[in-house]
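Residues or ranges marked as iminosuccinate binding site by Swiss-Prot on the basis of sequence analysis: HIS59, SER80, TYR151, ALA152, ASN153, SER168, HIS238, PRO239, GLU240, THR255. The [4Fe-4S] cluster binding site annotation in Swiss-Prot covers CYS125, CYS212, CYS309.
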Amino acid sequence: MQSTIKPVEYDRPVAAGTVCGVGQAWAKVPDAPSAEERAALKARIKALLAREKAVLVAHYYVDAELQELADETGGCVADSLEMARFGRDHDAQTLVVAGVRFMGETAKILSPGKRVLMPDLDATCSLDLGCPADEFSAFCDAHPDRTVVVYANTSAAVKARADWMVTSSIGLEIVADLHARGEKIIWAPDRHLGSYIQKKTGADMLLWQGSCLVHDEFKGIELDLLRAEYPDAKVLVHPESPENVVAQADVVGSTTQLIDAAVKLDATHFIVATDLGILHKMQLAAPGKTFIAAPTAGNSATCKSCAHCPWMAMNGLANLADVLERGHNEIFVDPAIGVRARLPIDRMLDFAAAHKKRVQASGDLQRDQQLFANVGAA
């Protein structure tokens, strides 16, 4: 049984300088600065981070120069699980989150006493938009016997309705544990990730029908053709991708797991099915290896892979400097919602820490890594 919701409609901004992402999603993207402007902005941002005693937390999908700034200033470039941990544990009282809104909300939930800023508060997520809190709450009310598990890519209000929050790096293990205890599950919002976990674990899951507009655009037929061009390439796939893409993967995993695979696998070429922003970190982690973007369009298209989130692209040097200078674009979460939303997040973090210790104690790294190895790998 699966839920159904109306497709998300995205409004095109009327201002100039916008960009079309994929799936007809539009976002106001900062103009690219010149080389001189870029150098000046970076210097200004570094000075402002020091002045404000702030730390920059960036996701793998934001532009390379923001990732570089985070690394150079003692911040963090990571997936959403590590971003959550880092922001919670860092001494800085001001967190600047370069990513999309749910990441800023999660940082605020875990650090309610800290100031959380974002370059652009309109940077959202199709998974978040596709799972309105009121509709999801009604769906949960209709199935009161089920444990509610939600993906990190959701609003604070949706997290507050959940029993567990998960990220792609730990979701499979958590669902497997719940299934072993005989629990039936409501999963939201990504249908592809939910279906993948359902097949790997055999869990009884009702799937909310959301999707990531970037990963949903990857094409199985075109990927098969690209693999024929690069027969020795390993295929790295994020599990938010459609089933016919996941089925061709050598490795299925979170952003961090895909980067690790690029480093550890004995291959020189990799086809990567996730947001193009990750290629910066892959190239740094595995110099000398070649990374090829998986196709999101057919042979007749002028752009074979447009796999970059338009909302991630809203994070730029200029608006990052501006938010540090002015102290605006602060994230606020209703305290009552924040308290409830923290419970499923803390459950995930505690589970992840305990799971890591179990794996390290057993020394069975191969078993752990194979949790995200695709059973139908080519």
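Note that Cβ sites are derived from N, Cα and C of the backbone, with glycine treated the same way.
Structure coloured by features recorded in Swiss-Prot.
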residue : record                        : DSSP (3 states)
HIS59   : iminosuccinate binding site   : strand
CYS125  : [4Fe-4S] cluster binding site : coil
TYR151  : iminosuccinate binding site   : strand
CYS212  : [4Fe-4S] cluster binding site : coil
HIS238  : iminosuccinate binding site   : coil
CYS309  : [4Fe-4S] cluster binding site : coil
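Around CYS125 ([4Fe-4S] cluster binding site), the same-chain residues six or more apart in sequence whose CB sits under 8 Å from its CB are VAL100, ARG101, PHE102, ASN153, CYS212, CYS309, TRP311, listed in sequence order. With a cut-off of 8 Å between CB atoms and residues at least 6 apart in sequence, the same chain places VAL77, ALA78, ASP79, SER80, MET83, ALA98, GLY99, VAL100, MET103, GLY277, MET312 near HIS59 (iminosuccinate binding site), listed in sequence order. Other residues of the same chain near the [4Fe-4S] cluster site, with their Cβ within 8 Å of the Cβ centroid of CYS125, CYS212, CYS309, are VAL100, SER126, LEU127, ASN153, LEU213, VAL214, HIS215, ASP275, TRP311, MET312. The number of other CB atoms found within 10 A of the CB of GLU240 (iminosuccinate binding site), across every protein chain shown, is 28. Put simply, the two farthest-apart Cα atoms among HIS59, SER80, TYR151, ALA152, ASN153, SER168, HIS238, PRO239, GLU240, THR255, the recorded binders of iminosuccinate, are 17 Å from each other.
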